[in-house]
Amino acid sequence: MPPSTSLLLLAALLPFALPASDWKTGEVTGKVVEKSEFPCYSLSRDNYTCSACIQYHESCAWCGAPMFDEKKPYARCDSRAKLMEHGCPNSYIEDPATKLDITEDSKLSDQGQVESEEEAVQIKPQEMYVEIRPKSRVRFNVTYRQAVDYPVDLYYLMDLSYSMKDDKQKLSELGDLLAERMRTVTKNFRLGFGSFIDKKLMPFIDPRIEKQLSPCPTPCAEPYGFKHQMSLTTNTAKFKAEVDKAEISGNLDAPEGGFDAVVQALACNKTIGWRERARKMIVFSTDAGFHFAGDGRLAGVVEPNDGTCHLDREGYYTETLNQDYPSIALLHQMIKDRKANVIFAVTKNNQDLYTQLSNALPDVSSSVGVLANDSRNIVDLIEKEYLKISEKIIMVDNANASEGLKLTYRSMCLDGTTLKDTNVCEGIRVGDEVQFEVTLENTHCIDKRDFVLRIGPSGLDETLIVNVKVLCDCDCERQDRIVTNSADCNGGDMVCGVCRCKGGNVGKYCECNRPGMSTAALNEKCKRTNESAICEGRGVCNCGRCECNPRANPEEQISGEFCECDNFNCPRHDRKICAEHGECNCGKCICAPGWTGRACECPISTDSCLSANGKICNGKGECICGRCRCFDSPDGNRYSGAKCEICPTCPTKCVEYKNCVMCQQWQTGPLNETACDQCEFKVIPVEELPNLNETTPCQFVDPADDCTFYYLYYYDEATDNATVWVRKHKDCPPPVPVLAIVLGVIAGIVILGILLLLLWKLLTVLHDRSEYATFNNERLMAKWDTNENPIYKQATTTFKNPVYAGKAN
């Protein structure tokens, strides 16, 4: 074995990510994940010890210096940087570091041939030592490479009920071919054989004596639970002979007792002959279903299966009548613990059942193959399913979350591009190398401190052994570091800078001697009510009096007899405590002069509400908290604007001054002369309106001449006077051309009539031409009769005498 490689990694010195070169070279690396910031000072004072501190968070450290928190109320539990900043000597800081040390790291090798003394190495490294503190993580790489000619032990478990008679014969004939085919996969191959029927109990078998002796239609052997027929060997001729010699039997119900056989094949390691460093294969061949835990109760068997070996000298399972069938959970655990691989070779009608069984066995290597009715395809099936199992690697471990240890995996598998969360890689051929990034995390502490983790591929007895020590305790808590009968603790013991009182004394420095009063009784004096926490959970009870915890921000202080008050939990305005216009005192704001309100957000002065006319909120509202709250207008709508100067439905000054402008400048509009004289202003006629920003432009149409007139006004709210400028000239529309419109209409009508006549003429011409063309076509196609004219009459008429008899002889 080459010398061990040692790699020590401290959490404060190493980065988070693994370098890319690690994936390319396959070198083993270890990384401690960087610490994150955490408010360690919030550790509960009810359990304020060094070990509780380092277990609180990975970034928490403890200052064990005596009297460290005497002058200033600094927290002993804080980050290392904060403790040093507050003056804690480095030698007194308890901050255990996570480290990783690789103790065995042999190279991957293919030396697994039969004649080789050395065993193949498929996983790297082989052993490491990790010290990990609570709530921290450490990462390392595990490399796997499938070796050439890795040893394979194949144990064939066959259902020898009567329906499998032809299958037994075919297996006997194919024994040599099976061994020959498997040796093309690996030269280091051994073969074993066992058989099973069912429990020899009713209702699983026929209770009649003659049927118990020979349950088959033709003579056959008595039923049995399981029989080990042949141990693992390279002698294939013996395998063929043992299969041929094995006797067929039978049972009554359809399911078989195959689970008993699997458990015994796994439990009887020496009898079967399993090698420690070999791929253990069990081929489970049947044409029926299976019995499992609970079925034995039908026959009165209630004792659970213990999962241990019970074979006699002849290889028979001796507890078949005493123990129930194994549960699927027991089957899964034994396959996982023994690092075995199972191939279920079943007939087509049972494929779905055994596929469900295979899926119920997580993190173990199992597969299902369809067996021909006479098992003629058994060789191809085993070869195919073996390759399927061997080409898939599942990384498994024995980490127990309840013990505070958690392992997670990431890998690029064979694509080498994307690192993904998985513990499974597929398509692994002989010589292929895959790497897994493993993260070990401690989530909490238990009484146990030392653990042995085993990480390795499912179905292989090769593992990485990780010896783990969880750093849940501080060195200053060791017995040889405790200062007993310390003067600083008034005779108590000083542990990590904190006094541990004895002899009835209590208090921070054991200075309280209250005969007849327990610490619990003193703690009751530090509660505001019976239901309250001690010092409201924000301080410690010292001799029956509360000492409030310090805050990380020195400007924030907790106070009060029971630490019920502070200066940072008051109402805020714009995210500012008391709007920065007062002081926070025990949850209430004490406002500075000139300010009021729950959060001192309201000025007492109403200056901010004064409008230009000197009225508060323009006389249309009230000033509340420095802002105008407007009243409703006479029509029920609310005034608006910063000073309530806007009335959405009130008439504007433009509309109000319109009639006065019309009557004064042009003597038009609805006002008579008397009403016009009563207008509150006199217009100022100008050629062009002045360009003043503070004036409001107005324009209206005079109904008398349909001309638009313009004027500007300025209203002085202070004096309630208006100044109005009006432009002398109106903008009148041009006169309507009546004659042109009439002539245009007449011309349009005439032209339209002419166009209609022309259109009518065009249509008639086209129609006549069509009729004439039709007539010519009919004339040319006509065929006239050549007889006489039917209306022609000749000029002469001949009459014959009807009584004329002719000439006499």
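If you go along the chain as it appears here, the first residue is 1 and each next one adds 1.
Each residue, glycine too, has its Cβ placed from N, Cα and C.
Feature annotations, reproduced from Swiss-Prot:
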type: TOPO_DOM; residues: 20-737; note: topological domain 'Extracellular'
type: CARBOHYD; residues: ASN47; note: N-linked glycosylation site
type: CARBOHYD; residues: ASN141; note: N-linked glycosylation site
type: CARBOHYD; residues: ASN269; note: N-linked glycosylation site
type: CARBOHYD; residues: ASN373; note: N-linked glycosylation site
type: CARBOHYD; residues: ASN400; note: N-linked glycosylation site
type: CARBOHYD; residues: ASN530; note: N-linked glycosylation site
type: DOMAIN; residues: 565-601; note: domain 'I-EGF 3'
type: DOMAIN; residues: 602-645; note: domain 'I-EGF 4'
type: CARBOHYD; residues: ASN672; note: N-linked glycosylation site
type: CARBOHYD; residues: ASN693; note: N-linked glycosylation site
type: CARBOHYD; residues: ASN721; note: N-linked glycosylation site
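Distribution of Swiss-Prot features across the structure.
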| residue | record | CB count, 10 Å |
| --- | --- | --- |
| ASN47 | N-linked glycosylation site | 11 |
| ASN141 | N-linked glycosylation site | 20 |
| ASN269 | N-linked glycosylation site | 14 |
| ASN373 | N-linked glycosylation site | 14 |
| ASN400 | N-linked glycosylation site | 12 |
| ASN530 | N-linked glycosylation site | 6 |
| ASN672 | N-linked glycosylation site | 9 |
| ASN721 | N-linked glycosylation site | 11 |
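Across the domain 'I-EGF 3' (565-601), DSSP assigns 3 helix, 16 strand, 18 coil. Cα of ASN672 (N-linked glycosylation site) to Cα of ASN721 (N-linked glycosylation site): a span of 23 Å. The secondary structure of ASN141 (N-linked glycosylation site), as reduced to three states from DSSP, is extended strand. For the domain 'I-EGF 4' (602-645), the DSSP counts in helix, strand and coil order read 6 helix, 15 strand, 23 coil. ASN721 (N-linked glycosylation site) sits 91 Å from ASN400 (N-linked glycosylation site), taking the Cα positions as reference. The glycosylation sites shown are ASN141, ASN269, ASN373, ASN400; of these, the one with its CA atom nearest the CA of ASN530 (N-linked glycosylation site) is ASN400. DSSP assigns ASN47 (N-linked glycosylation site) to a helix.
The glycosylation sites recorded for this entry are ASN47, ASN141, ASN269, ASN400, and the Cα of ASN269 lies nearest to that of ASN373 (N-linked glycosylation site). In the three-state DSSP reading, ASN269 (N-linked glycosylation site) counts as helix. In the predicted model, the domain 'I-EGF 4' (602-645) shows an average pLDDT of 82.
Cα-Cα distance from ASN141 (N-linked glycosylation site) to ASN400 (N-linked glycosylation site): 20 Å (rounded to the nearest whole number).
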